[in-house]
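Positions annotated as 3-amino-2-oxopropyl phosphate binding site by TrEMBL: 9, 20, 194, 215, 216. Per TrEMBL, 1-deoxy-D-xylulose 5-phosphate binding site is recorded for 11, 12, 47, 52, 102. Per TrEMBL, the feature active site, proton acceptor maps to 45, 72. According to TrEMBL, the site 'Transition state stabilizer' annotation covers 153. If you look up TrEMBL, you'll see 193 marked as active site, proton donor.
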Ligand SMILES: CC(=O)[C@@H](O)[C@H](O)COP(=O)(O)O
Ligand SMILES: NCC(=O)COP(=O)(O)O
C-alpha cells in the first residue's frame, strides 16, 4: 500500500506571531523543523486579510523549503498573480470569507466552474499542480474533473466537528464513498481540515488518499510537546493506520 504523505500547515505558528506583531515564532523556521521531523510538505494559506501567513513568509519559504509548498489561496486575481510569481509545487483553491474563523466548507466548483477552470488553466500554465478543496459531494467531484484540476482535497471538517461516534461513522462512510468515486475518475485525492491525534486514523486508513494536510492540531500539540515530536507522533499514527489496514 502506498505511503500516506503528511503536509504540515504552519498557519497557526503565524497566528501566534501576529498576535503581538513580533517577528517570532517564524513559520519559516517551523517549516524547517517540521520537515526535519518528517513532514512531506508544508502548507500555507495566504488569506486576503493576512490574518496569519504574510507575503514575506511565502517568498522566504519558496527559497528555503526542502520538501515542497502547498499554497492555499482563494480564487482571486490577486492570489493567482502571487502564485504565478512564486510558483509553488501545489496550489489548493479554497473558499474564503473575511468573517470566518476558519474554513467553513468546500469550494463551490459547480457554481463557479468557468472561474475555477480559468484559474486552474493559469496556474497550470505556470507549472503549478492545482488542487480544489471540496466537500465529498458527487456533483462537486464531477465539476472538479470538468475543471481539469489534477488534485482535490476532501474537506474533513464536518467529520472532525461531530461528537457522536455514530454520526462520525456515518460521515466517515460518506467521505469514503466520495474519495473512492473521485479516485475512480482519475483524480488525485488529498484530505484535510480539523484532523487531530484522536480522529486521524480512520481517515488515514482510506487507501485512495495520497496526502493529509494537518495544521491546527499539530501546532496546538507543539505548544505542549514541541513541534518535532508533534509531527513525528502524527506521522506515526498515519503509518499505523495505513499499515494496519493493508
Ligand atoms: C482549507 C483548510 O481547511 C485550511 O487549510 C485553512 O488554512 C484553514 O484556514 P485557517 O488556517 O485560517 O484556519
Ligand atoms: N487543508 C487543511 C489544512 O491545511 C490544515 O487544516 P487544519 O488541520 O488546520 O484544520
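Glycine residues also receive a Cβ, built from the backbone N, Cα and C atoms like all the rest.
Automatic prediction, not curation, is the source of TrEMBL annotations.
Residue 11 (1-deoxy-D-xylulose 5-phosphate binding site) has a Cβ environment of 21 other Cβ atoms inside 10 Å.
Taking the Cα atom of each, residue 215 (3-amino-2-oxopropyl phosphate binding site) and residue 102 (1-deoxy-D-xylulose 5-phosphate binding site) are about 12 angstrom apart. Residue 20 (3-amino-2-oxopropyl phosphate binding site) has a Cβ environment of 8 other Cβ atoms inside 10 Å. Under a cutoff of 8 A between CB atoms, and with a sequence separation of 6+ in the same chain, the neighbours of residue 12 (1-deoxy-D-xylulose 5-phosphate binding site) are 52, 215, 216, 219, 220. Same-chain residues at least 6 positions away in sequence with a Cβ under 8 Å from that of residue 102 (1-deoxy-D-xylulose 5-phosphate binding site) are, in sequence order, 193, 216.
On its own chain, residue 47 (1-deoxy-D-xylulose 5-phosphate binding site) has 53, 74, 96 as residues at least 6 apart in sequence with a Cβ closer than 8 Å to its own Cβ.
Listed in chain order, the extra residues whose Cβ falls within 8 Å of the Cβ center of the 1-deoxy-D-xylulose 5-phosphate site residues 11, 12, 47, 52, 102 are 9, 14, 15, 45, 51, 53, 215. When the CA atoms are compared, the recorded positions lying within 10 A of residue 45 (active site, proton acceptor) are 9, 11, 72, out of the candidates 9, 11, 72, 153, 194. Cα to Cα, residue 20 (3-amino-2-oxopropyl phosphate binding site) and residue 11 (1-deoxy-D-xylulose 5-phosphate binding site) are separated by 15 Å. Each of the recorded positions 45, 216 was scored by other CB atoms within 10 A of its CB, and the lowest score goes to 216.
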